[in-house]
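**Student:** The structure that follows is given in the form of structure tokens.
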Number of protein chains: 2
Amino acid sequence: MANITKKVSWSSRTDESGAAGEDTPLLNGSEPPRRSRQLSEGDGIFQIGRLSTVDLEEEITSDEDSLRARPKEIPHNEKLLSLKYESLDYDNIENQLFLEEERRMGHMNFRCLEISRWVICGLIGFFTGLVACCIDIVVEILAGYKYKEVKENIEKFTEAGGLSISLLLWAVLNSAFVMVGSIIVAFFEPVAAGSGIPQIKCYLNGIKIPRVVRLKTLLVKVFGVICSVAGGLAVGKEGPMIHSGAVIAAGVSQGRSTSLKRDFKIFEYFRRDTEKRDFVSAGAAAGVSAAFGAPVGGVLFSLEEGASFWNQMLTWRIFFASMISTFTLNFFLSVHHNTPGELSSPGLINFGRFDSETMTYNLYEVPLFIAMGAIGGLLGALFNFLNYWLTIFRIRYVHRPCLQVMEAMLVAAVTAMVSFTMMYFSNDCQPLDSNSSEDYPLQLFCADGEYNSMATVFFNTPEKSVRSLFHNQPGTSSPLTLGLFTLTYFFLACWTYGLAVSAGVFIPSLLIGAAWGRLCGILLASITHSSDSMWADPGKYALIGAAAQLGGIVRMTISLTVIMMEATGNVTYGFPIMLVLITAKIVGDYFVEGLYDIHIKLQSVPFLHWEAPATSHWLTAREVMSSPVTCLNRIEKVGTIVDILSNTSTCHNGFPVVVQVANSDEPAKLCGLILRSQLIVLLKHKVFVELARSRLTMRKLQLKDFRDAYPRFPPIQSIHVSQDERECMMDLTEFMNPTPYTVPEETSLPRVFKLFRALGLRHLVVVNDENKVIGLVTRKDLARYHMGKHGLEELQLAQT
Amino acid sequence: MANITKKVSWSSRTDESGAAGEDTPLLNGSEPPRRSRQLSEGDGIFQIGRLSTVDLEEEITSDEDSLRARPKEIPHNEKLLSLKYESLDYDNIENQLFLEEERRMGHMNFRCLEISRWVICGLIGFFTGLVACCIDIVVEILAGYKYKEVKENIEKFTEAGGLSISLLLWAVLNSAFVMVGSIIVAFFEPVAAGSGIPQIKCYLNGIKIPRVVRLKTLLVKVFGVICSVAGGLAVGKEGPMIHSGAVIAAGVSQGRSTSLKRDFKIFEYFRRDTEKRDFVSAGAAAGVSAAFGAPVGGVLFSLEEGASFWNQMLTWRIFFASMISTFTLNFFLSVHHNTPGELSSPGLINFGRFDSETMTYNLYEVPLFIAMGAIGGLLGALFNFLNYWLTIFRIRYVHRPCLQVMEAMLVAAVTAMVSFTMMYFSNDCQPLDSNSSEDYPLQLFCADGEYNSMATVFFNTPEKSVRSLFHNQPGTSSPLTLGLFTLTYFFLACWTYGLAVSAGVFIPSLLIGAAWGRLCGILLASITHSSDSMWADPGKYALIGAAAQLGGIVRMTISLTVIMMEATGNVTYGFPIMLVLITAKIVGDYFVEGLYDIHIKLQSVPFLHWEAPATSHWLTAREVMSSPVTCLNRIEKVGTIVDILSNTSTCHNGFPVVVQVANSDEPAKLCGLILRSQLIVLLKHKVFVELARSRLTMRKLQLKDFRDAYPRFPPIQSIHVSQDERECMMDLTEFMNPTPYTVPEETSLPRVFKLFRALGLRHLVVVNDENKVIGLVTRKDLARYHMGKHGLEELQLAQT
């Protein structure tokens, strides 16, 4: 039945640890070796694409130059699992320092901490709202300027006949904006490319993506998204808000900026993975909330993407951050729009309000909705499939930053060109209504008092095009216009996603969907020849189509339903939207995965899904774990520790601590677990048994010392240990986690998986029936197994 | 700092197990003894109140008569923890049978199971919607009839002067309805009393509340709620919908009815606690969804109350059930209202749509909202406090069913009387508008063309009163009317909650809040003397007041916000509602717990909260666990097993299986865990080693045999084991869970708690560093510790 395809990886891994094992018993392979200096050269191929992979944050070998060279050596394969990503540690290290600190802290201190958490969430919401507001206003101004210029130019040349000059102006303006946006992304911070949602998904899943929550990333992201939207690309400014919110959260919650070298000495308690990840969830939620005016949708997004263990208070705080974020955005936008204090406007994207009185649906429309969901699923699968091949092409051939910038500029110019051509050859003229919502109505070759209908969708920012498709009166665009627009915009959006610019895919998806949805609505009305108001309103079908297309591409479920409900300010459509999203997901999943998952897979990230693959109960911890394990003694020689940490071929992060045994080959009894980062801090502070005896007055190490070093623990190479000190001993008892979670070796994979995922572990020790360490399970050991077409499959582990 | 108040419980528990321990080593006290026959007599005091406690479902001693006698023996104390509640088992028993079954099942079978889950959720939603629809229509008809009769009578006697006859008619009609509703609850199914939300909270938390998901309970609940709403009590029909949904879910998902003795032979795979609990979550969500037209709110309610581990697919299915539920309700209601197919109406309660265009709020109103939240918190705390004392009074003195029925009838009569008196003495006359929404406008002593304003709130079902408070034009009721109404209704609702009728507290809370909220709005408008439309609309303040009052009473957080948002069909008020709910919760929690938590605590249910109390890290598993543990050998004598299971003083449910040891006092090595229910099935099927040898053709026991016996496993007394059979041996290897989760004895309480809660465990084995069993942690061992006023406190374990 379920058979496993064991690949080269297995043997190569065993070989490596076996070879090392002969020299130093008990000192090998708890995790397969991380990327070493020699291997890192092949990394460059991952430089482009959504997930940049330069591992600087706590990388030991950081040679950036070598990372961008020699792209073709490692065959690109999504059947690989990269070894270079580290996990976040959600498990609390309950060592003696922790217990002492807890004893010192009174009841009141815990209350203060709780209040701090709320304050931080408030701040996260506030700053996220503020950033969203800035992006919105600046984009509005820049895009407004651009369209005004081009419009004047077109009007000038329409009659004179030199419209190619207008085209040139438009293309150059677009390319200029995009060039700026692309340069900062490609050259300064590749991790800021794209929407950032895959990265945040990974982070919330517990994977450390280097530099993803840095201040520099935020700046590049914000500036980049302004440029790419103003540059007229088929992108949205909403996706990047999620990433921005996450960065803001990570920054605010730590009370310092490592980049700016400022430490505000506040919120020091929160300087560890557990707390930081909670706040990043809140930040992502605040980002969604600001982008779509959907605070509940934001909370659900965070939960859907990140939650392992639902915690009521945490969720409530996330909701608070989301609410503050929309509130802040609304307040500042109301000030900007000269109606200060009017707090009822929605988020960044404004779908316009669907009035619940007039807009309604009927039972016999339900099959239509399902059919539209299926169309959305099909188109979404096609989009993802095309983008998948495009991304592989880019990984192979478009990996140099300058090439990336040129591609982005090319796309910008082509977008302008295609749009212009479509407008030029369109003869869909509509009478210019006095209460029309057109921002830049273009007359072109239409009669006076009329405007070019194709221009309403092409000659505008995508957000406004979506809104006009939702709300324009029936008959404002011909079916041909909508069909052509869908076709061209589909390919433009597909080409655009994956460029080295900071931009989201939500709005283009919605726009494509709204266009063909409206087309469906018009066709239906013409088929039924009905003047019934039920069929006559194509806006409703535009909304359903938009949901179907977006669902078909990103495959989000409950959070997307709620986001759409909140963004339209209408709960009536909840049921049809959900139906459509379910259908789109089922149909789409039949062909290919969701866009974000594709990009995560292409980066070989060890992503843990919700559950272990079904039919994997026969796999046990013994088969899954890595072994033998590098263990440390309770009282260990400093030299041994330094050697283990310096060993670049086995760059482990967690070491089981065992009770003193004779130097035998037999496994030893587990008594704790200690992390690389802890050992580094101990070495740095020279917490040696001998020194403690000689200097009785030496300040005792506190948790504060560990927090101060977080998250950029120095590499072992930077710590100088003299030859004398190498002979000293270190007592780990006080610092290790004395009760790590363990599983017996016969435990099935799903059980291990459940424990690992539910508790957010990073290391899980496998013991035999005498409590002796026989293996260690890490994220990669679990992420390796997945459900393929032919049952359970195993991914190869790669050094990339 | 954190000091623990060790109470009598400790010593008494140790004594008991110690005493037993001398006779039979290794056969004691894994869980402290459950209620035995002698002790059960004192139980009667828990018979009334929300949580009925007759433990029939799998109780060994079921003497109902003795349960209703001698109420005063055990001092009622919420500082107790009852031992009679069992846990649900969320852990998957991965024994050999399970693995064999998995191997037999192909890939397709898993897909079929997944589809079945969706079908079941659809059915749950459908039936829940249907039940909600029935309740709504029947209540409408009955209440309509009653009010019409009384109105005609009042109109007849207003001029003639015999209004006391009208009063009598009203009171008698009310009492008659309530009597019927109360009799079926008090005499037939006490667990159907109240809203059922505390019971469902407990069930989702993992506690087995006997009879809570039976068909009989559903029938009594539905019929009871119709009677109590039609009987004019200060109750709502929304809360009970949650319970109804849960019962429907439990029934549908099992594919059989034990009460009706019908087995449809479908969905057999889902006959275990894990799956059933998932479906019950969906049912509860569907109930919320039907009640408030809030599918997202329903999902969040389920998560807030029940989730331990967030699972994307499960949540998505819950959402599906919720959506189907609202959809079904809307469809049938649209048929009932002669607009078939119009699917845009909301749930059971109809707040009316708040139009987002005209209703808005401003920044300077935010402090007002916060102040109203504080008022709500204070009033809610007062409500809960009064109800707390009332409940204790009822537990002491109103425990006989006939007394309960009489109290319910008294309340019904008094409600009519008070309402009548208020209307009688009110001189708040309002002009009868032609487009007024009054269903039963009463003229009473008003001039012609006017109606009595007090009657709009008193002479109507509570739902409709809420709606009129939200939407009536400014000036339709005087401040005095509203003030008097708030005061009287507050006490009426407080008295009503806890009666032996099936009814919810949501609507009365909303009504009280809407009344004083509207009052606030009117006062504000008169203070500011403003004709500005912002202040002039008291409906907005009614909404905020309603949220504040409800939040102050039930203290739900995120789900309540979303329910309010969805019920009003308006996302604009999300932020103020959230602010108000946060304030109400903070203020209320300062004084007293939420209403549901009070009732859960008064029943001494071992409820596990989200996290272990802070500052409890110094407590270890060694101190928390129960020991010594009754262990079984891998191959055990049947006689020993029967004796252990029959021992009523130590009625354990889980037994660690250890490797064969000499009969020494030393603990033995753990090799598995087996449940009482499994042993019972094994005994019933006589799976003895000797018999297997003699009858080689005997059918092998399968998981199906265990599922068929679920959930009402026969008591050990009903299984006949002959003297010969007692000498046989049973091999448990195949049936035990071979890899139960374990913790070392030094593990801190929060770590144990986290593991227990996140994985939904029932038994957690504590082992020493040689993997030998030294203790067992169950729900009661963890629920015992809680944060009191003076740090960590320990609850007493009681036999109640």
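The chain as shown is numbered from 1 upward.
From the backbone N, Cα and C atoms, a Cβ is placed for every residue, glycine too.
According to TrEMBL, the record shows the following:
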- A:1-43: region 'Disordered' (REGION)
- A:1-12: compositional bias 'Polar residues' (COMPBIAS)
- A:118-145: transmembrane segment (TRANSMEM)
- A:165-188: transmembrane segment (TRANSMEM)
- A:218-236: transmembrane segment (TRANSMEM)
- A:279-302: transmembrane segment (TRANSMEM)
- A:314-333: transmembrane segment (TRANSMEM)
- A:368-390: transmembrane segment (TRANSMEM)
- A:402-425: transmembrane segment (TRANSMEM)
- A:480-500: transmembrane segment (TRANSMEM)
- A:506-529: transmembrane segment (TRANSMEM)
- A:541-565: transmembrane segment (TRANSMEM)
- A:571-592: transmembrane segment (TRANSMEM)
- A:736-794: domain 'CBS' (DOMAIN)
**Student:** Which of A:118-145, A:480-500, A:506-529, A:571-592 shares the most C-beta pairs under 8 angstroms with the transmembrane segment (A:368-390)?
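**Tutor:** Checked against A:118-145, A:480-500, A:506-529, A:571-592; highest Cβ contact count belongs to A:571-592.
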**Student:** Counting Cβ pairs under 8 Å to the transmembrane segment (A:506-529), which of A:218-236, A:279-302, A:480-500 comes out on top?
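**Tutor:** Comparing A:218-236, A:279-302, A:480-500: A:480-500 has the most Cβ pairs near the transmembrane segment (A:506-529).
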**Student:** Taking a Cβ cut-off under 8 Å, which residues six or more beyond the ends of the transmembrane segment (A:118-145) line up next to it in the same chain?
**Tutor:** 177, 218, 222, 225-226, 229-230, 232, 237, 241, 244-245, 248-249, 252-253, 267, 270, 279, 282-283, 286-287, 289-291, 317-318, 320-329, 331-333, 336, 347-348, 439, 461
**Student:** Using a Cβ cut-off of under 8 Å, list the residues of the same chain at least 6 residues beyond the transmembrane segment (A:541-565) that approach it.
**Tutor:** 288, 292, 294, 296-298, 300-301, 303-305, 351, 354, 369, 372-373, 375-381, 383-384, 466, 469-470, 505-506, 509-521, 524, 571, 573-574, 576-578, 580-585, 587-589, 593-597
**Student:** Can you find at least 3 Cβ pairs under 8 Å between the transmembrane segment (A:218-236) and the transmembrane segment (A:480-500), where each pair is 6 or more residues apart in sequence?
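**Tutor:** These two stretches do touch.
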**Student:** Count up the helix, strand and coil residues in the domain 'CBS' (A:736-794) according to DSSP, in that order.
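**Tutor:** Reading the DSSP string over the domain 'CBS' (A:736-794) gives 16 helix, 25 strand, 18 coil.
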**Student:** Considering pairs 6 or more residues apart, do the transmembrane segment (A:314-333) and the transmembrane segment (A:279-302) have at least three CB pairs under 8 Å?
**Tutor:** yes
**Student:** Determine the mean pLDDT over the domain 'CBS' (A:736-794), rounding to the nearest whole number.
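**Tutor:** Mean pLDDT for the domain 'CBS' (A:736-794): 88.
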